[in-house]
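This report concerns only the one structure given below.
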Amino acid sequence: MLLIKYLDDNISRCETLFNCNKDSMFILDIEGHVVQGNPAFVKISGYAAEEAKQLKLQFLFPIDHVNKVFHHFHKAVLGQFQNFDCKMTNKGGILVDLNVTNIPISVEDQIVGVCVVARDITELKRKKEEVRKIEEMQRILTDNVLDLIISTNLQGEILYVSPSCEHILGYTSDEVIKQNCLTFIHPDDTKKAYMNRKKCLSSLENGRSCYRIRKKDGNFIWVESLCKPIIDPETFHVLEVVSVIRDISKQTKVEEDAKKIEDTYRDLVEYSPDAVFIARGSKILFINETGAKLLGATKKADILKKKILDIFHPDYHEMAKKRNSIVSSGDATEFYEYKLIRLDGTVLIAEVKGIPTIFKNKPARHIIFRDITERKKTQELLLNSEKLNVAGQLAAGIAHEVRNPLTAIKGFLQLMESQADNNKPYFGIIQSEMDRIELILSELLVLAKPHELKFEIVDLISLIESVKTLIDTQAIMNGVHIETIYNSKNFTIKCDQNQLKQVFINILKNAIEAMPTGGTVTIELKKHSFNKVKLIIKDTGEGMPQDILRRLGEPFFTTKEDGTGLGIMISKQIVENHDGTIHFWSDQKGTIIEVILPMEKHKQV
Ligand code: ADP
Ligand code: MG
């Protein structure tokens, strides 16, 4: 009853403190019965003030908390102040978190009860738990992300690094903490990283940049860094900068590899022996080196400003348009022979193929132009050799046909020679002329059956002199003067004399025939490189136009009424059999023929 008296005495004194307290307060007698509760207690416990009276302490707390509660209650009964957290079950069975302070009530040195001040900390606990969860989540995130997270102060000193630092860079956290973040950046990238950080600090916005970071083993890796300033919500000052750093070296390598592949393809196209164009609609978007050369352009830009049809001969425009639309609709076309127009207006023949492609992310046409001039030449050569074959066969036939009557005539001549003394000088001439015909015939036979050549060491000057003697009569008759210039005395070559004579006779005869009103033939002999001799035969004749010049050497090609068209062809073949070369130049002022032959090493001076 001392407690009741105490309450009566004191509660009225502290009525406001008791009744208006936000924290719930209730008084327990020393047996643990509730004697009185304030309105906050009524509210939190759900028991009406009267109902609460005589409520036993254990009814207010869940079973697993009862021991704890009693433990502290007993201590309070023993005179000790107690503060602890526990849960209370209210009337409706709902758990409430409380922070409890037990204040022993003593009257005349005797503990008569306990005043329990219980603060509802449910909300506080919930918030704390929330914060803890968030922190836990953050920790899990920063500890486990593959990216490197670092936080630095305003001076750039590292305050925190995520554990991934060791995996990514090889440094432990202790090795980097307090270091300046810029010291780990590649010297070439420091400025960029510094500027990015500065911008992020001044604008208070996130900044992104790529740079290289030095790993512990000394190697550098490419990283992408996103830095974010952490701002004090009250002062708006930057507290620190958090950077999320991602290793992009693999990605960079993939990009580099892709670029290398692209470069290789570009080189392949650029230096392809075929001309390559890329076109869209009528525009030319790309042309390679070969393409520019093919069209005779010194600058690619000269072609790029043209329309695609401009490079096709007008006769082929319709065909080109048709085939363009096939490619534009997604099908490749086969090679087709076109006439193209070079920048200088000349025409060239090329095979053209179109393939659909993608250029700069849009559909386009990949057009391949193949210059077939060389192939055409080869075809012509093949045709020539075909004709040569025929010529050879013909020559064989003719030679046989002529040789038989010749043998007969020769026999009769010999017979007549022994009987008709008067005409003896003529017989000699006829005989030698016949020998020559025989020789020519056997040379013709070379075409059909290449016979063994008889190579001997010969002095070229005396060979030319003998040819000159042979031909001089004909020259003089045509008002042609033959001049010789020998730049050295010794031009020794290894050759089949008769064959080589045949060459010079053919050339000189042609020269004389090219000067119907007379003129000069100059034969010049000089050394060429260190082991060759060059023979230049110039005439002042009518020359020949390009189309004739191009056909020289074709069997049976002649512009003369009584010509055979075999002279140059045979000459070419003989020179080639002697490992030599023959070239022709001509204009209206005359013709130059150049024969280059190997010299005989031992005899040369
Ligand atoms: P041919 O003399 O029987 O016509 P060639 O093979 O010797 O046969 O010559 C072929 C053609 O080349 C000649 O018909 C002539 O038109 C031309 N030709 C050769 N040499 C000369 C030259 N020196 N000047 C002008 N035209 C030439
Ligand atoms: Mg001739």
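Just so you know, the numbers here start at 1 and follow the chain as drawn.
Cβ atoms are placed via backbone N, Cα and C, with glycine included.
Feature annotations, courtesy of TrEMBL:
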COILED    117-144  coiled coil
DOMAIN    10-51  domain 'PAS'
DOMAIN    82-133  domain 'PAC'
DOMAIN    133-189  domain 'PAS'
DOMAIN    207-260  domain 'PAC'
DOMAIN    279-331  domain 'PAS'
DOMAIN    334-384  domain 'PAC'
DOMAIN    397-601  domain 'Histidine kinase'
Long-range environment of the domain 'PAS' (10-51) - Cβ separation under 8 angstroms, sequence gap at least 6: 3-4, 57-58, 60, 70, 73, 77, 88, 90-92, 94, 96, 105, 111-120
For the coiled coil (117-144), distant same-chain residues with Cβ under 8 A (at least six beyond the ends): 21, 23-26, 41, 44, 85, 88, 96-101, 103, 162-164
Counts by DSSP class (helix H/G/I, strand E/B, coil) across the domain 'PAC' (207-260): 12 helix, 30 strand, 12 coil
Summary of DSSP states over the domain 'PAS' (10-51), given as helix, strand and coil counts: 17 helix, 11 strand, 14 coil
